[in-house]
Amino acid sequence: MKAYLALISAAVIGLAACSQEPAAPAAEATPAAEAPASEAPAAEAAPADAAEAPAAGNCAATVESNDNMQFNTKDIQVSKACKEFTITLKHTGTQPKASMGHNLVIAKAEDMDGVFKDGVGAADTDYVKPDDARVVAHTKLIGGGEESSLTLDPAKLADGDYKFACTFPGHGALMNGKVTLVD
């Protein structure tokens, strides 16, 4: 039986090698849709700390999130010179918010654990406890392809160390960073 399989394999290889058809170009050999997960597109595979969301006299920043539970920044710089500062959260992934939803919540660093714990039971309010005084500002929970914005007074950030995080259960350990007041 082994000899029979070996003979058939050799015949198939021989016929394929002697084919009159030219070899397919390398680009066609592995379509992008069939690439393994480890070869994810650069936008989703970029390290979360690769960029800062700069203030630079600008009173707005954009933070992107993806299906890999990553923000594209670990530091949001807020200018003291701004009367209001707007942060837009864009979910660049495709997963729905029920399974891979993201929000952006700002609170003092020492309050963030409590914000997470209280948010777990608040699915109806985007995993943020209603009227939580520890929360400076937050976006709504969004799914792939959606965006949401928050606006805050930079003066609220003057008295301590602040963090931002996603409060969707289980996401905060990976999806967090600092909010830095600059200028």
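Cβ atoms are placed via backbone N, Cα and C, with glycine included.
The signal peptide annotation in Swiss-Prot covers 1-17 and is backed by sequence analysis.
Marked as N-palmitoyl cysteine by Swiss-Prot on the basis of sequence analysis: Cys18.
Taken from Swiss-Prot, the feature S-diacylglycerol cysteine applies to Cys18.
Here Swiss-Prot flags 27-51 as region 'Disordered'.
Sequence annotations record features per position, and here Swiss-Prot assigns domain 'Plastocyanin-like' to 57-183. Mean pLDDT across the domain 'Plastocyanin-like' (57-183) comes to 97 in this model.
Every protein chain considered, the tally of other Cβ atoms within 10 Å of the Cβ of His171 (Cu cation binding site) stands at 21. Sequence annotations record features per position, and here Swiss-Prot assigns Cu cation binding site to His102, Cys166, His171, Met175.
In sequence order, Ser65, Met69, Phe71, Asn103, Leu104, Ala165, Thr167, Phe168, Gly172, Leu174 are the residues of the same chain, not among His102, Cys166, His171, Met175, whose CB sits within 8 A of the CB centroid for the Cu cation site. For Cys166 (Cu cation binding site), the same-chain residues 6+ apart in sequence whose C-beta sits under 8 angstroms from its C-beta are Ser65, Met69, Phe71, His102, Asn103, Leu104, Val105, Gly172, Met175, Asn176. Counting every protein chain shown, 24 other Cβ atoms lie within 10 Å of the Cβ of Met175 (Cu cation binding site). Mapped onto DSSP classes, the domain 'Plastocyanin-like' (57-183) shows 23 helix, 48 strand, 56 coil.
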